[in-house]
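**Student:** Sharing a structure below in structure tokens format, with a few things to ask.
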Amino acid sequence: MHHDPNPFDEGADDNPFSNGGGGGARRGGGGGGGGGGGGGKSQFSFGFGGLGGGSKGGATVDIPLDNMSDSKGKGKELLQWEADLKRREADIRRREEALKSAGVPMEEKNWPPFFPIIHHDIANEIPANAQKLQYLAFASWLGIVLCLFWNFIAVIVCWIRGGDSKLFFLATIYGMLGMPLSYLMWYRPLYRAMRTDSAFSFGWFFLCYMLHIAFCVFAAIAPPVIFRGKSLTGILAAIDTFSDHAIVGIFYFVGFALFCLETLVSIWVLQKVYMYFRGHK
């Protein structure tokens, strides 16, 4: 007698809960794990087998490990850079201590007090018998700084009142070059000469300081050589501008007085330094 197949009977291949299906799931999981080892890449693979068995329904999740290794490498580089920086700082401190122990003076910037840009310590570095003279020379340097600054202000007033714009640029050049050059060319050599008793420094000071006095005399006169002399607040420029604009003329007359005073003080300083040099030698 022929029996029809049971319609409610499921085949072994179609039953997801049969042993074959479980094996398929295990095979799918194993296939997913094996995929992570190929290609030589640093990654972690985790496979999920499909419910229907086999690797068709499997999903593989790859977790790259390169980011972890990169972060560790950067951390090592930062630590190495920090150690190198500390080593350099320690080396600098060791050299400074060695120079101090050897008696080499360490010049720290201390002037002006509100924004130190130069080293200046007459009370501790200049001999007591030369400190008064050094202070006088320092006043002479501050005097030329004041003269050039006032000259800049007066020329700006003249420019506003209708003067040539080139006067402004010339006054700016006088100020920007005259202030630092006067310090480097004659005041600093005199400071070094007083401190170290160097004949060469004294000679350099005398040469440059005479040029400084010549410039002060030229500025006090302001001959009509460049732009009728109005780029400097001398007597001739003051008379010329006063006839046109009284306010501008007053500014120029004040500048003329400052240059005259600076000339007289500079001649006095030159005489005093020369007498000190001759008497000291």
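Every residue gets a Cβ built from N, Cα and C, even glycine.
Feature annotation from Swiss-Prot assigns coiled coil to 76-102. The compositional bias 'Gly residues' feature in Swiss-Prot is assigned to 19-49. Positions annotated as region 'Disordered' by Swiss-Prot: 1-49. As annotated by Swiss-Prot, topological domain 'Cytoplasmic' applies to 1-139, 271-281. Residues or ranges marked as transmembrane segment by Swiss-Prot: 140-160, 167-187, 202-222, 250-270.
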**Student:** Other than its close neighbours in sequence, what residues sit by the coiled coil (76-102), given a CB gap under 8 Å and a spacing of at least six beyond its ends?
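**Tutor:** Sequence-remote neighbours of the coiled coil (76-102) do not exist; the answer is none.
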**Student:** How many of the residues that make up the topological domain 'Cytoplasmic' (271-281) does DSSP mark as helix, as strand and as coil?
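**Tutor:** Secondary-structure composition of the topological domain 'Cytoplasmic' (271-281): 10 helix, 0 strand, 1 coil.
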**Student:** Rank 140-160, 202-222, 250-270 by Cβ pairs under 8 Å to the transmembrane segment (167-187) and hand me the top one.
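**Tutor:** By Cβ pairs under 8 Å, 140-160 leads among 140-160, 202-222, 250-270.
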**Student:** Hey, which bits of the same chain come close to the topological domain 'Cytoplasmic' (271-281), Cβ under 8 Å, at least six residues off its ends?
**Tutor:** 130, 133, 136-137, 190, 197, 199, 202, 205-206, 209
**Student:** Who are the long-range neighbours of the transmembrane segment (250-270) in its own chain, taking Cβ under 8 Å and residues 6 or more past its ends?
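**Tutor:** The answer is 133, 136-137, 139-140, 143-144, 146-147, 150-151, 153-154, 157-158, 206, 209-210, 212-213, 216-217, 219-220, 222, 232-235, 237-238, 241-242.
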